[in-house]
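According to Swiss-Prot:
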{"type": "BINDING", "residues": "110, 140, 143", "note": "Fe cation 1 binding site"}
{"type": "BINDING", "residues": "140, 217, 251, 254", "note": "Fe cation 2 binding site"}
{"type": "ACT_SITE", "residues": "147", "note": "active site"}
């Protein structure tokens, strides 16, 4: 009798668990989702496959692709001989060390960014969204080749590309991008959705966009941009500065566009995303990115101040721009830096003069919506 009682108790518990599972499955529409979408999880419009090119679901993404395609450039437009002369004759040994420290991770930084676009393309399947992502990813290839061209122009050895792994500040930046904490498990995702109705996979995607696009493209790269542009500010390495200015125009467009995609993903799926948890994770990611960048800045400035630019100047700037990225995503700023601490950056970028690749004559880089005020 005692064993029968235990068996009945066990069967009763299983029946209760089964009833709860069935109830949750019905509540979360698991069967309906599977029947219509081939997945137990709710359909995400941004990730839905569409056979035909039109009508567009996201015409703004097509417009961003079109804008981007009106602003092509190539490092081959530039004759780098003046920069070679500056390197050999006008830069101090401390300045050369400073420049090399930045270049050690500069190309790798965009290699890491390109990985983000490869991952985005596997997720977002609407044709106009993919057009935007393809265009942005292709431009990252130009950035990588251009930054590599800077290294080759200065006749630095190929080992330069691996040297970042020897420096903790650089290696930590690289490894953080691919940290496992940005991945959700299949089992965890299933039970969280079954019991509570939120999809951790969507949260991970949103955090990943914030990581790659808002904080790596939009903060970390800008730290290096500013340190390199300080040479151009003083009439040095001007062709390098030209490449940086072109890259800034691109990265600004990429960052703003991807933060808009972030907002679209969250708004369209807010019933399946823990908004408070997402905000906390995005803010935590921003803090970590700034912390890692502080270490990199200290390493770069290990030889001291560089022509009216200090490590504290750059640290203040990245906090300012981090606030701007957070505000664009709809979050409150993290840091007390309200005004741009480096106004010369804005002055330098608002009056660029470039070279037309086909005509080889000066022209303003003022195409489509890349014109106008810079967003910082």
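Going from the start of the chain as shown, residues are counted 1 onward.
Quick reminder: no glycine exception, Cβ is built from N, Cα and C everywhere.
One residue stands out among the binding-site residues 143, 254 for having the most other Cβ atoms within 10 Å of its Cβ: 254. Listed in sequence order, 103, 106, 107, 110, 243 are the same-chain residues at least 6 apart in sequence whose CB falls under 8 Å from the CB of the residue listed as 'active site'. Neighbours of the Fe cation 1 site: apart from 110, 140, 143, residues of the same chain with C-beta atoms within 8 angstroms of the site's C-beta centroid are 109, 111, 113, 114, 139, 141, 142, 144, 147, 247.
In sequence order, 217, 218, 221, 222, 225 constitute the residues six or more apart from residue 251 (Fe cation 2 binding site) in its chain with CB-CB distances below 8 Å. Separation of the C-alpha atoms of residue 254 (Fe cation 2 binding site) and residue 143 (Fe cation 1 binding site): 13 Å, rounded to the nearest whole number.
Summary of the Fe cation 2 site environment: with the site residues 140, 217, 251, 254 set aside, the chain residues having Cβ atoms within 8 Å of the Cβ mean position are 110, 113, 136, 139, 143, 213, 218, 221, 250, 253, 255. Reduced to three states, the DSSP call for residue 140 (Fe cation 1 binding site) is helix.
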